Amino acid sequence: MAAGNSLEKQIGCVKYTLFCFNVVAWMIATSLFALTVWLRAEPGFNEWLRILEAESFYIGVYILIAISIIMMAVAFLGCLSALMENTLALLVYICAQIFSFIIALSGSGVLLNYSTMHSSLQPLLLSSLNRFVSTSETRYSSYVLNMIQENIGCCGATGPWDYLDLHQPLPSSCRDAVSGNAFFNGCVDELTWFFEDKSSWIVALALTLAMLNIVCSVMSFILIQAVKKEEEEARAYRH
């Protein structure tokens, strides 16, 4: 009898801990959804990516939007299956967690591949910015370069020499408004750091959610084993 009470207490402890972890996971998934949707809908950021032909950045964002929606539903399922102590629902929940873990890691990897130094983003930026610099005498190219250089604090694609190599004067947007000195860093690196800063919080949330997937899966498996043991003891007691 004492062993039965001890097992019941253990089940209750695991059950309500799993419930709390799922509430936390739901909150993180909701935050991830809000941040990714904001990043996708932010008009200024969207316009820059369109102009620079670097909209591949959004592939990882789309994946993480999808996984955040899935994880909100999975967290709700986890709460219900834990409270009901239903082994079938818990097994479905574990499978959903494993799937979510894989997709969260994939989405984070894709987003990092288009938002960090030495990633697939930089060749896209280099190609677009070199094209704008080589045609900087046109009104549109001049407008785009001035907008980026003034806002980011950079010069040319890789540095001031991009203009000097083409025997073109440095535009005023290439110079610090206070000191008058030319910005040393090119816009490829500065834009990459800018995009990396935008995506770092999103990736951190996604990886935290992936870690919770593993923790919740392990706890669900423990709960399934405990529930099965309780059912076996109940059958043995009846006989």
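Keep in mind that glycine also has a Cβ here, set from the backbone N, Cα and C atoms.
Fair warning: this is a prediction, and the values are worked out from it, not measured in the lab.
What TrEMBL lists as disulfide bond is Cys154-Cys187 (among others). Of all Cβ atoms in the shown protein chains, 29 besides its own fall within 10 Å of the Cβ of Cys187 (disulfide bond).
Under the heading disulfide bond, TrEMBL lists Cys155-Cys174 (among others).
With a threshold of 8 Å between CB atoms, the same-chain residues lying at least 6 positions outside the transmembrane segment (16-39) that come near it are 45, 61, 64-65, 67-69, 71-72, 74-76, 78-79, 82-83, 198-199, 201-202, 205-206, 208-209, 212-213, 215-216, 219-220, 223. As annotated by TrEMBL, transmembrane segment applies to 16-39 (among others).
TrEMBL lists 59-83 (among others) with the feature transmembrane segment.
Within the chain carrying the transmembrane segment (90-114), a Cβ under 8 angstroms from the stretch's Cβ atoms is held by residues 54, 56-57, 59-61, 63-64, 66-67, 70-71, 74, 77-78, 81-82, 120-121, 195, 199, 202-203, 206-207, 209-210, 213-214, 216-217, 220-221, 223-224, 227, all 6 or more beyond its ends. Positions annotated as transmembrane segment by TrEMBL: 90-114 (among others).
Residues or ranges marked as transmembrane segment in TrEMBL: 201-224 (among others).
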Around the Cβ of Cys174 (disulfide bond), other Cβ atoms within 10 Å, all chains included, total 23
If one takes Cβ-Cβ under 8 Å and requires six or more residues beyond its ends, the residues near the transmembrane segment (201-224) are 11, 14-15, 17-18, 21-22, 24-25, 28-29, 31-32, 35-36, 39, 61, 64, 67-68, 71, 78, 81-82, 85, 87, 90-91, 93-94, 97-98, 100-101, 104-105, 107-108, 111-112
The rounded CA-CA distance in Å from Cys154 (disulfide bond) to Cys174 (disulfide bond) is 6
Students should find that the Cβ of Cys154 (disulfide bond) has, within 10 Å, a number of other Cβ atoms equal to 27
Same-chain residues at least 6 positions away from Cys155 (disulfide bond) with a Cβ under 8 Å from its Cβ, in sequence order, are Gln149, Asp162, Tyr163, Leu170, Cys174, Ala182, Phe183, Phe184, Asn185, Gly186, Cys187
